[in-house]
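Chemist: I'd like to ask you about the structure that follows.
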Amino acid sequence: MVTKPDWLRVKAPQRERVGAVKDILRDLALNTVCEEASCPNIGECFKAGTATFLIMGPACTRACPYCDIDFEKYPKALDPTEPERLAQAVRRMGLRHVVITSVNRDDLADGGALQFARCIEAVRRVMPQTTIEVLIPDFCGSEAALDIVIAAHPQVINHNTETVPRLYRRVRPQGDYGRTLQLLERVRAKASHIYTKSGLMAGLGESEAEVLAVMADLRAVYCDILTIGQYLQPTPKHLKVEAFVEPALFERWRRAGEGMGFLQMVSSPLTRSSYHAEQVQRLMRSHPRTPKNQHSPE
């Protein structure tokens, strides 16, 4: 059994620090990936008044062996009031940047793309100055579904790569590495004003060279932002941690990513795809993009 090193130990969140955020979420009957996926940074993020909202219910139609979100083949129908409730949470929390993600909903014809668009539009009506990041599923490769999200014009579209190609069958059996790259490439080709983002987990048996190869593949499709963090086994029934990656290697990946041209490169043991996502606002100021002033791929 691999022993968790000291650099991965975080203080348990205290009620007074996270209570206000939890009260808002409970009052508005909203889910967060922070809670559903047992994120180790929940205390820090809730203390700062930030959260990553999980839309379309707490149950997923896929059963990825690394993920702590519950599986259901046929989850509940979508709630038409969810977009407005989410927007009210953003208002009550005073968020300048919001991250919206979802479970996979392969039971829906559009994979939930329209619900993403409705949530984006609701937040924009209530908090027009808030920047919006969406962390989306692959929609089973549907270009039409992706177009629905793009048409809502979030500032950032994130789709996580999760692991290296060699490990996809074991780690992400219902995903496809090529489909992930194609999704990111399509976003950039159709709406170059939208920043694209992806994330990787380390410690599942990948090599340093394999991670660098994935980073190069992501830059080849003009991915702007990359996060890399340590995989942590949520429960004994989930995939085991093969290795706890030293902080020095995360730092090497960070420097390598900057050298490859990622506009933002976040790599550390506790990094998660939405960790300190609000920092993307600095990137937007230094590399501004608007629909009327689209940038060609670098």
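Placement of Cβ uses the backbone N, Cα and C atoms for every residue, glycine included.
When I checked Swiss-Prot for this same protein, it listed these features:
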BINDING   C34, C39, C45, S274  [4Fe-4S] cluster 1 binding site
BINDING   C60, C64, C67  [4Fe-4S] cluster 2 binding site
DOMAIN    46-263  domain 'Radical SAM core'
REGION    277-298  region 'Disordered'
Chemist: What are the other residues, in sequence order, whose C-beta lies within 8 angstroms of the center of the C-beta atoms of C60, C64, C67 at the [4Fe-4S] cluster 2 site?
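Modeler: These residues sit around the [4Fe-4S] cluster 2 site: R62, A63, Y66, D68, I69, F71, V103, N104.
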Chemist: In the structure shown, which of the binding-site residues C60, C64, C67 has the fewest other Cβ atoms within 10 Å?
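Modeler: Among the binding-site residues C60, C64, C67, the lowest count of other Cβ atoms within 10 Å belongs to C64.
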Chemist: Take the Cβ of S274 ([4Fe-4S] cluster 1 binding site) and count every other Cβ within 10 Å, whichever protein chain it belongs to.
Modeler: 27
Chemist: Per DSSP, to which secondary structure element type does C60 ([4Fe-4S] cluster 2 binding site) belong, with helix, strand and coil as the options?
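Modeler: DSSP call for C60 ([4Fe-4S] cluster 2 binding site): strand.
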Chemist: Taking only the Cα atoms, work out how far C64 ([4Fe-4S] cluster 2 binding site) lies from S274 ([4Fe-4S] cluster 1 binding site), in Å, as a whole number.
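Modeler: Distance between the two Cα atoms comes out at 19 Å.
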Chemist: State the mean pLDDT for the domain 'Radical SAM core' (46-263).
Modeler: 95
Chemist: According to DSSP, folded down to helix, strand and coil, what is C67 ([4Fe-4S] cluster 2 binding site)?
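Modeler: Going by the DSSP assignment, C67 ([4Fe-4S] cluster 2 binding site) belongs to neither helix nor strand, so it counts as coil.
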Chemist: Sorry to bug you, but what's the C-alpha spacing from S274 ([4Fe-4S] cluster 1 binding site) to C67 ([4Fe-4S] cluster 2 binding site), rounded to the closest Å?
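Modeler: About 15 Å separates the two Cα atoms.
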Chemist: In terms of DSSP three-state secondary structure, what is the assignment for S274 ([4Fe-4S] cluster 1 binding site)?
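Modeler: SS state of S274 ([4Fe-4S] cluster 1 binding site) = coil.
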